[in-house]
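Peer 1: The following block contains the structure, expressed as structure tokens.
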Amino acid sequence: MSANTSMVTEFLLLGFSHLADLQGLLFSVFLTIYLLTVAGNFLIVVLVSTDAALQSPMYFFLRTLSALEIGYTSVTVPLLLHHLLTGRRHISRSGCALQMFFFLFFGATECCLLAAMAYDRYAAICEPLRYPLLLSHRVCLQLAGSAWACGVLVGLGHTPFIFSLPFCGPNTIPQFFCEIQPVLQLVCGDTSLNELQIILATALLILCPFGLILGSYGRILVTIFRIPSVAGRRKAFSTCSSHLIMVSLFYGTALFIYIRPKASYDPATDPLVSLFYAVVTPILNPIIYSLRNTEVKAALKRTIQKTVPMEI
């Protein structure tokens, strides 16, 4: 290997630098989204942790998802805000590696956790008599722990191998964070093995959980149509359809980015697609899964009444 094969020590994240006249507006938009995301998800964590009525397996997974979303969005958005505010878009090689690891870690964990949540809903609706056995506290801990372990394995399975490859220039990443595909395009050596690894991991971590989710909700919908009450069917169908829209948005956009070879990465459109699973879904998840829930709203009301003694 020649002396200059790994000469790149930092990268330049282009992000939305081409929208020079909109930097201030973009900063305000992303700051608002980030603050709402953190506040909404943190609220869910606090409510589930403190309210005795929210101690079922469903809320255990919702609390885990909310904590996950705070970390997930914090990997990318604060750095994006810094770039928009200062105009300095450089990131060190080690910083890029850390960002990639944690993004993969949180993203893979969410892929597995959403499948566990779908299984929880299936068990609650389709197997109500066996639900306490199927989703015991021990089983919930095992499912959540397996999801977190999966995230660690994915992060460690990709990041060290990619950043052990030679980067000899250019160092410009047409993205607002260090995502695998655009980073791989900067590698000087052969990346065919890495690309195959990404495709296999994508099939395992996106297609398989998404298939399990669709299967679970398919069984749930069959059960829903057997509900005699029209109002009950409508309410259950509304909840399931909103959940399916969310998981389809998350898995679909991630699949679009990661299932393709690096040569097909489009710097004009792919960063916009990445926004959906990196920025949009973390703010929508607490709304779709929790804040529309009557039990969560009742818990919020009780918490406010305890904090501020007054008539609500």
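Placed from the backbone N, Cα and C atoms, the Cβ positions cover glycine too.
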Peer 1: Would you say Swiss-Prot puts R93 and I162 in the same topological domain with respect to the membrane?
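Peer 2: Topo match: yes.
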Peer 1: Examine the transmembrane segment (139-159) against the transmembrane segment (271-291) and state whether at least 3 Cβ pairs sit under 8 A, considering only residue pairs 6 or more apart.
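Peer 2: Answer no: the transmembrane segment (139-159) and the transmembrane segment (271-291) share fewer than 3 Cβ pairs below 8 Å.
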Peer 1: In terms of Cβ proximity under 8 Å, which residues at least six beyond the ends of the transmembrane segment (25-45) contact it?
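Peer 2: Contacts with the transmembrane segment (25-45): 16, 19, 62-63, 66-67, 69-70, 73-74, 77-78, 80-81, 84-85, 279, 282-283, 285-287, 290-291, 296, 300.
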Peer 1: Determine the Cβ neighbour count for C188 (disulfide bond): the number of other Cβ atoms within 10 Å of its Cβ.
Peer 2: 17
Peer 1: Going along the chain, which residues six or more apart from C96 (disulfide bond) have their CB under 8 A from its CB?
Peer 2: E10, F11, F163, I173, C178, V183
Peer 1: Determine the mean pLDDT over the topological domain 'Cytoplasmic' (46-53), rounding to the nearest whole number.
Peer 2: 89
Peer 1: Who are the chain neighbours of the transmembrane segment (99-119) in space, where the CB to CB distance is under 8 Å and they lie at least 6 residues beyond its ends?
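Peer 2: Tertiary neighbours of the transmembrane segment (99-119) are 58, 61-62, 64-65, 68-69, 71-72, 75-76, 79, 91, 143-144, 146-148, 150-156, 158-159, 162-163, 177-180, 183, 205-206, 208-210, 212-213, 216-217, 243, 247, 250-251, 254, 277-278, 289.
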